[in-house]
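This report refers to the structure that appears directly beneath it.
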Amino acid sequence: MVSVELAIAGLAIGAVAALSGIGLLVTYRTNGVLNLAHGGIATLVAYVYREMTVEWGFPVWLSAVIAMAFLAPGLGLLLERLVFRPLARRRASAAETLVASLGVLVLSLGMCAGIWGLGTRNDTPSIFPDERVGSGSWSIEVDTLSTLALILVACVFLGVVQNRTRFGRQVRAVVDDRELAEMSSIPADRVAAVGWAFGTTLAGFTGVLLAPRFGLSPYGLSLVVLTTFAVIVAARLSSLPVAVLTGLAIGIAQSELTQFSVTGVFADTYRTLTSSLFVVVLLVLLLLSPKLRELGGDAGSAGRLSSREAPERGTLGERHKNLIIIFAGIVMLMAPLFFGAADLRKAFLVPALALIFLSLVIVTGYSGQVSLGVAGYAGLGALFSLKLEAGEFPGLPEMPGLLAILIGALLVAPIGLITGYPAIRRRGLALALTTFAVGATVTVFVFNQPDLSVGVYAEPLYLGGWMLNDKAFYIVEMVGLGLGLLAVYNLHRGRLGRALVAVRDHTEGAAAVGVDVRNLKLLAFTVSSVVAGLGGALLSHSTGSFSSTQFEPMQSLLWFTAVVVFGADSAVGAIIAAAFIVSINVFFPEGSSTLAVGILALSLGWLPGGLASAVRGLVRFVALRLADEFVEPEGTAPRPRIPSQAGVLTPAAQPTTGRSPAAVAPGGGVTVDLTAVDRVAAARGLTLTPFGRSLLGRLGGGAPAAALPVAASLPGPNGASPVTAGTGTLNHPEGGRP
Amino acid sequence: MSRAELRAVGLVRRYGGLTAVDHVDMSAPPGMITGLIGPNGAGKSTLFKLLTGVEQPDEGAVLLGDRDISKLRPDKRSRLGLVQTFQVPSLFTSMTVRDNLLVGVENRRRDYGGGLFGLGVRKNPSHEQVVDDMLASLGLSDLADFVAGSLPTGALRLAECARALCAHPDVLLLDEPASGLDAVETERFSALLRRIADAGVAIVLVDHDVDLVFTVCDQVYAMVGGKVVAHGDPATVRANPTVQSVYLAQGSVAA
């Protein structure tokens, strides 16, 4: 039962998807970048186009020419030059490139949201006249016809360029091995730039063609564009004809589905299918096709996103410092309790969001997997807990709010387990796309179903018969955050933590000594989904009702980017990120936080490891300088000496190069305490500078013991670290020893 | 205690039209060092991958004791007692050497799931003890608290070997363990391997350094073109005409 009319109607969407797919493929083939920002660029170009036609009154053709011939390719060139060329130059990992493209996506969405707001605009004029050609059931919209023509032109053009021209050969050489191509004097940068310009131009077309149909909104339109990834996944990121045919086929199939209708329980599900076939196909393709597992290399192993580039060595002193930081953090988090009512309510969002970010820390920072579907799990946690509270959850009795929050979050676990099972078998971009597709599917089939998610309100919470006021609710949230931190703590310490870090550091090596990599990843994934669910439940309680916009798929990408920016393996970073985003949204217009995260994400090129590592680096730098003031630098040994062979150079047995305790005679006229200071220092093989000696002397007897370990723990230029290691003052980072 | 023997029976691995491993039978008995040599492309690495579980054979079986482990993943094989090291040392770079070894000890059995919420999880003092003993016996005690990422290759090799031993292997598979080591280090390493084998562990050694293999191994398998062309004690294999022709052409086997 194929209806010609429906097929032609479906072609309209299918053709745009195909066009989008061509753009994605060209960028990927020429640069090796799976451009997640495609949707963002499409949206931005569409907004500018609308601005020119509607607000400035430019004629449609002029606006179209400016948008498509100048703006879109210009954006591509700019991105290549400023973002992706530097990454390619320093051979950045696929994970970094992925984050960069996410950064561009978030930045472009932030710009749209910042300038034009988050609302949907339905007044974007179509480029092509709204007319049909042909007759009867065989009539076709000019719009569609033109898109098809454009596809044909693009395909023929690309085919000719690739196979018949010198440039095409250059492209293939660059794709094969960029460095090698450059050595053969092929202008790789130019090839890459042309690829970007071509890709973004088609992205622009996609946006402008889709905006009149779907309405123009930052998150909505970019999501539609992102679902066209189904097309290039079907094409295995290589075949242009397959991509085009898949796009057209899904478009037609989606349209043909509308002629049937299903009644009963699945009526809504079926109706959703007729408008969301692309998402479903994307998910199914990713789940079913075994060959896609290794799609696009190893981008999903996010070990490189770790904020701890230089391994740290915890010492007693540092442990105390951590306690102080934790104490300060608790005080800061408790501060909103003294805010006014309105401000306190705004602060509700911080712990909830922090929990969602913590879930990403678990799955990305500790387990090393990219997860772009966290909003799905958070939303499910929210929905489950509210349904439980209202007694509407099938099979479970009505329960009090606090219990419902907890149970609702735990109910996400089976879903995390089921979706995590196939996902963790994938790596690289396939994993990123799979998690995204899971999140998007959940949104479409659950959150956007009016029966399930409209009119779901949070009821007041009671504890032992007392209705919780705002302050009490904030404390409940803090308890929730504490639970999340406890989960994080346990996943980071002891046997489990070591095994997780092992998997992140060297997966094969971990497997080689018996670490059950798959189950460990699955465990992390499941725990992460529960933590996200808890965050979601608290989020919906702080706003009072379930709102699907809070958990839409694009949020996942934004949140993931934010977590990476603030240090993917830093729990503190996650909390700071939440506070940062909430406060920006409070003090600045909506969308500003998206913009800020986007800018920060692109600055990751200069701050590998995120803000957390930048701050750590700064602290280390300052401490190092301070240490140099206290302790004589050892000029001869620029780096900590490491025994090249076990047993040959025992640090303790190492001659202290003429600095035996006797040689460090205390300067005249200082107190007896000083000798003690020097003795402590000498025992660690250090020599105090006159400044250090006098300062420590002035601080009195108690200070040296507290101050020295901190200084000595620094990987300073004075050989301090090996010595502390040798004398056994080190307490190691994983807390393996009492 | 009795340790299991590793055996390969009729192993075949094809890549498209190419048969990289062609009906290979081999065995690595406990207490012996078994060497695997062959020119580039002889199929050593593929055979090694089949033994470790990185790849699955198209035909044949890998047996550990009486158990067919052909279909098991590397981590499962490791827990059964088949532990490998890598060409490029695979230490967990952000951990200390001690913690690296702890990971080896702790995952011998599948028992890490217990401590999810920190309830009732105490550090197992015997694990710490195993690690300390291992560090001491390999002379690594001084490096215990160094972060693995900061160590030179020689120490890394030793530490990786220590970690593998912590997993309490019946069979130890070593992929080019001597690459990156200087002459003195190689000699020490050979002595260490002998000690390990004397403790009853079966060692399988793949290395380009033919001299090392002939010096340290009790039996040697020589592969050419995916097939085992010679097998026996080092002297026998060294005298084998095919081995002679392959290696004399490269000039690396001095008679």
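Here the Cβ of each residue, glycine as well, is placed from N, Cα and C on the backbone.
Per TrEMBL, the features are:
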TRANSMEM  A:33-50  transmembrane segment
TRANSMEM  A:56-78  transmembrane segment
TRANSMEM  A:98-118  transmembrane segment
TRANSMEM  A:138-161  transmembrane segment
TRANSMEM  A:191-210  transmembrane segment
TRANSMEM  A:269-288  transmembrane segment
TRANSMEM  A:323-341  transmembrane segment
TRANSMEM  A:347-363  transmembrane segment
TRANSMEM  A:400-421  transmembrane segment
TRANSMEM  A:428-447  transmembrane segment
TRANSMEM  A:557-588  transmembrane segment
TRANSMEM  A:594-615  transmembrane segment
REGION    A:634-665  region 'Disordered'
REGION    A:710-738  region 'Disordered'
Notebook entry, point to check: List, by number or range, the same-chain residues at least 6 past the transmembrane segment (A:138-161) whose CB is under 8 A from its CB atoms?
Noted result: 4, 8, 11-12, 15-16, 18-19, 22, 26, 126-132, 167-168, 171, 202, 205, 209, 240-241, 244
Next item on the list: Can you tell me which of A:98-118, A:191-210, A:323-341, A:428-447, A:557-588 gets the most C-beta pairs within less than 8 Å of the transmembrane segment (A:33-50)?
Entry: A:98-118
Checklist line | In contact by Cβ distance (the transmembrane segment (A:400-421), the transmembrane segment (A:347-363); 3 or more pairs under 8 Å) | finding: no
Margin query: At a C-beta cut-off of under 8 Å, are there same-chain residues at least 6 beyond the transmembrane segment (A:269-288) that contact it? List them, or none.
Written below: 17, 227-231, 233-234, 250, 253-255, 257-258, 260-262, 422, 426, 430, 433-434, 437-438, 440-441, 444-445, 448-449
Checklist line | Top Cβ-contact partner of the transmembrane segment (A:56-78) among A:191-210, A:400-421, A:428-447, A:557-588 (pairs under 8 Å) | finding: A:191-210
